[in-house]
Structure formats: C-alpha cells, structure tokens
Amino acid sequence: VGRFQVLNVKLFSFLYVLSPTQLIIVVLLLSPSSNRRRIQNRRGWVRRERMWAASCLASCCAACACDACRSVVSGISRRSARIAYCGLFALSLIVSWILSEVAAPLMEKIPWINHFHQTPNREWFETDAVLRVSLGNFLFFTIFALLMIGVKNQKDPRDSLHHGGWMMKIICWCLLVIFMFFLPNGIISFYETTSKFGSGLFLLVQVVLLLDFVHGWNDKWVRYDEQFWYIALFVVSFVCYVVTFSFSGLLFYLFTPSGHDCGLNTFFIVMTLISVFLFTIVTLHPSVSGSILPASVISLYCMYLCYSGLASEPREYECNGLHKHSKAVSTGTLTIGLLTTVLSVVYSAVRAGSSTTLLSPPGSPRAGAGKPLLPLDKVDEKEEKEKSKPVTYSYSFFHIIFSLASMYSAMLLTGWSTSVGESGKLVDVGWPSVWVRIVTGWATATLFMWSLVAPILFPDREF
C-alpha cells in the first residue's frame with residue numbers, strides 16, 4: 001500500500017514541471033461548456049495544443065511509471081541479490097567451459113602468452129584459459145569480501161553496494177575477466193599453485209554447510225513428533241548405511257586388485273571405515289544428544305570422498321581399477337564435483353537469508369530477537385523504524401565462499417593442473433586431487449565428532 005501512495009504523490013508532483021502556459025492549456029481542455037464557444041472559434045489552435053498537452057501528460061505518466069518500476073526493481077534486488085551472485089558464479093563456470101573448448105587457437109597467437117620456443121599443446125592453452133577466467137572471478141568476489149568487512153547495519157552505504165548496482169557489477173566482472181588475458185604467465189602459475197590450497201579450504205567450507213544441512217534436516221523431522229517421521233528417519237538412515245558399506249566393498253574390489261601391492265588404497269578405505277564406525281558409536285552414546293540420520297548421511301559423504309580421491313589417481317597407477325573406463329569416470333567425477341559446488345554456493349546463499357547463524361556476523365541478533373513481545377504504540381513504532389537494522393549475515397564471509405568456489409571449480413576443470421602433462425585431456429586426475437579429497441573426508445568425520453562432543457565439553461557455550 002505504501003508503494004501505491006508514493007506512486008500517486010509522484011504522479012501529481014510531475015505537474016509542477018509544466019510551465020504556466022502548459023497548465024493553462026490543460027485547464028482549458030478540462031474547462032466547462034461555457035468556454036467551448038471561445039475555444040471553437042480557434043479550432044485549429046485548440047487541436048494543436050490539445051495534441052501537445054496530451055503528449056505532455058503521456059510523458060509525465062511514462063516517467064512516473066518508469067520511476068515506479070525502478071522502485072519496485074530496487075526492492076526486488078535486495079531480496080534476490082544472493083541468487084544473483086549465484087547466477088554470476090554459474091555464468092563464470094559456463095564461460096570457463098566454453099573458453100576451454102574454443103580459446104586455444106586464439107591464445108596461440110597472443111605473444112605474451114605463447115612466448116615459448118616451441119608452442120605447447122592444445123591442452124596447455126585450455127588449462128590457461130580456465131585459470132584466467134577463474135582468477136578474474138576470484139578477484140571480483142575477493143574485492144567485494146574486503147569492501148564488506150565491518151558492515152553491521154543496513155544504513156551502511158556498503159549495504160546498498162552489496163545488494164544493488166548490478167549493471168555496473170556485471171561490467172566490472174567482464175572487464176576483470178578480459179584483463180586477466182593480458183597478465184603474464186607467471187602470475188597465472190602462482191594463482192594455479194594457490195588454488196590448490198584454496199580448493200582444500202572450500203571443501204572444508206562445504207563440509208560445514210553439509211553439517212548445517214543434515215542437522216537442520218534432522219531437527220525439522222523430529223519437531224513433527226509423529227510416528228511417520230520417526231519411521232522416515234530410520235528408513236533414510238538405514239538406506240544410507242547400507243549404501244555406505246556396499247560402496248566400501250566396491251572400493252576394495254576396484255582399487256585393491258589381487259597381484260598388486262595396493263597398501264595405500266587399502267589404508268585409505270580402512271581409515272574411512274574406521275572413522276565411520278567411530279562417529280556412529282559416539283552418536284549412539286547415551287551422553288551425546290546425537291541422531292542417527294546426520295551420522296548416516298555424513299558416513300555416505302565420507303565414503304563418496306574416498307571414492308572420489310581413489311578415482312582421481314593417475315590412470316597409469318596399477319591399483320586404479322578404473323583405468324579402462326577413464327573417460328567416463330573423469331566426466332562423471334567432473335559433473336558431480338561441479339554439481340556439489342553449485343549446490344554448496346546456492347545453499348549458502350539461501351541459508352544466508354534464513355534464521356541460521358552459519359553466516360551471521362558476531363553480535364548479530366537471531367531471527368525474531370529484535371521483535372517486541374507486545375505491540376508498540378505509534379511513537380515507539382516510529383522510533384523503532386528509525387533505528388538502523390542490523391545485517392542478517394556476514395557479507396564478507398558470503399563473498400569468500402564464492403572466491404574459494406572459484407578456485408575449486410578451476411581445479412576441477414583443469415584436473416588440478418596435472419592432466420596436461422600426465423594424462424592428456426582427462427579432467428580431475430592427479431595425486432594432489434587424491435590427497436585433498438582423502439584428507440577432506442577425514443576432516444569431515446573429525447568435524448562431525450566435534451559437533452557431537454563439543455556441547456558436553458563446553459556446556460556454557462552455544463554450538
């Protein structure tokens with residue numbers, strides 16, 4: 001209702017921009033029948049002025065409508081800014097994928113990129129194109145993360161920068177990506193090395209998001225307090241555990257073939273199984289207020305990370321039982337990796353607007369904490385509106401997630417920079433990928449166990 005009142009005020013306020021002569025013409029057009037004789041004596045003049053006045057009124061109405069649309073779009077952009085950032089990240093993935101396929105012939109002709117005595121193969125240029133787009137995307141979100149440090153309320157001018165100005169943001173993003181192709185190869189090589197560490201950090205953030213998701217899922221079904229939902233909890237947990245242990249048997253079959261010394265692969269699988277047993281036992285302990293559903297989902301995710309790491313072993317490695325299906329496995333691993341990456345950033349964006357404290361800055365109120373228990377009178381309500389509203393989540397941490405996701409997606413698309421010299425055009429193959437995935441699986445189990453025992457060790461703190 002408030003927007004329509006503003007619209008009416010703006011419509012009549014546009015009449016003040018008309019000159020006195022124009023206002024007289026409008027009055028004559030709306031005058032009673034007593035003035036018609038005088039007007040009829042000058043029909044030609046009236047017709048011309050009538051058309052001119054109508055065009056003025058139409059211009060006023062059009063300007064008012066445009067201003068109203070701008071106000072509505074501004075309101076929508078605040079609510080949908082998080083999804084818009086996800087769309088921009090998805091656009092960067094699409095651009096990276098396209099350039100990895102078509103940019104090699106063009107990059108071969110750029111002297112500051114192809115300055116070698118012998119021109120590298122096509123895969124080198126494909127990897128370089130992906131890294132340059134990823135670097136531009138990383139810098140874009142990192143700059144915003146630095147700019148948003150310390151934003152605590154919505155009256156801060158940087159709050160408007162975070163939610164609005166999308167045309168300028170897209171232009172800046174495009175300019176950053178284009179500028180990356182003017183940088184020397186040394187900077188890209190440094191970013192490539194840094195991305196390996198950033199990818200590991202993103203996988204840890206992904207674990208935190210997963211823990212937040214499974215705990216929220218379990219709490220929602222438990223709050224229903226009905227037998228149907230308790231049965232559903234048991235069924236989903238049972239299925240997850242069956243798939244987990246069946247998956248472990250498949251890993252032993254594929255990655256520990258007989259006749260070869262595959263002690264490292266056996267160690268990876270056994271350690272993953274031990275971690276699953278450990279946090280399952282901790283969950284079922286009477287002193288721990290845990291639930292079997294989060295434990296089952298985390299166990300399945302840990303086993304998936306173990307498989308993903310083993311599948312990323314070099315194709316020449318004798319213990320890799322998937323070398324005969326390398327192309328299919330590589331494409332599948334890439335697809336699942338990118339899918340989980342997109343789901344992670346989308347989930348972080350959606351949860352940023354909910355009541356969760358996952359992305360909340362220190363000292364920010366919880367959902368509903370700032371609402372009064374009793375209705376306010378008009379004076380108190382006016383004072384309440386004039387107060388600055390605190391932000392609901394940390395803008396800096398929100399952009400950091402996208403920065404780390406840019407690094408991780410680049411490593412996925414380039415095969416952790418080992419596919420060029422080691423196995424041709426295969427994606428996501430190499431020992432760095434193996435160790436990052438395996439260690440992330442162990443870190444996932446450790447974080448989950450910590451989320452179970454931390455409330456007991458520190459009862460005065462909130463987790």
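Just so you know, glycine gets a Cβ as well, placed from its N, Cα and C.
Among the features that TrEMBL reports, region 'Disordered' is placed at 355-374.
If you look up TrEMBL, you'll see 12-31 (among others) marked as transmembrane segment.
According to TrEMBL, the feature transmembrane segment maps to 81-99 (among others).
The feature transmembrane segment is assigned by TrEMBL to 129-149 (among others).
Long-range neighbours of the transmembrane segment (170-191) within the same chain, counting only residues 6 or more positions beyond its ends whose Cβ lies under 8 Å from a Cβ of the stretch, are 88, 92, 95, 107, 110, 112-113, 115, 128, 131-140. What TrEMBL records for 170-191 (among others) is transmembrane segment.
What TrEMBL lists as transmembrane segment is 197-217 (among others).
Listed as Cβ neighbours of the transmembrane segment (229-255) (distance under 8 Å, sequence separation of 6 or more from its ends, same chain) are residues 218, 221-222, 262, 265-266, 269, 272-273, 276, 291-293, 295-297, 299-300, 303-304, 306-307, 310, 313, 319-322. If you look up TrEMBL, you'll see 229-255 (among others) marked as transmembrane segment.
Under the heading transmembrane segment, TrEMBL lists 267-285 (among others). Sequence-distant contacts of the transmembrane segment (267-285) (same chain, six or more residues past either end, CB-CB distance under 8 Å): 244, 248, 251-252, 255-256, 291-292, 294-295, 298-299, 302-303, 305-306, 309-310, 438, 441-442, 445-446, 448-449, 452-453.
Taken from TrEMBL, the feature transmembrane segment applies to 292-310 (among others). Residues 210-211, 214-215, 217-218, 221, 233-234, 236-238, 240-241, 243-244, 247-248, 251, 254-255, 265, 268-269, 272, 275-276, 279-280, 283-284, 320, 333, 336-337, 433-438, 440-441, 444-445, 448 of the same chain lie 6+ residues outside the transmembrane segment (292-310) yet bring a C-beta within less than 8 angstroms of a C-beta in it.
Among the features that TrEMBL reports, transmembrane segment is placed at 330-350 (among others).
What TrEMBL records for 392-414 (among others) is transmembrane segment.
The annotation transmembrane segment is assigned in TrEMBL to 434-458 (among others).
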Given the cut-off of 8 Å on Cβ pairs that are 6 or more apart in sequence, determine whether the transmembrane segment (197-217) and the transmembrane segment (434-458) share at least 3 such pairs. yes
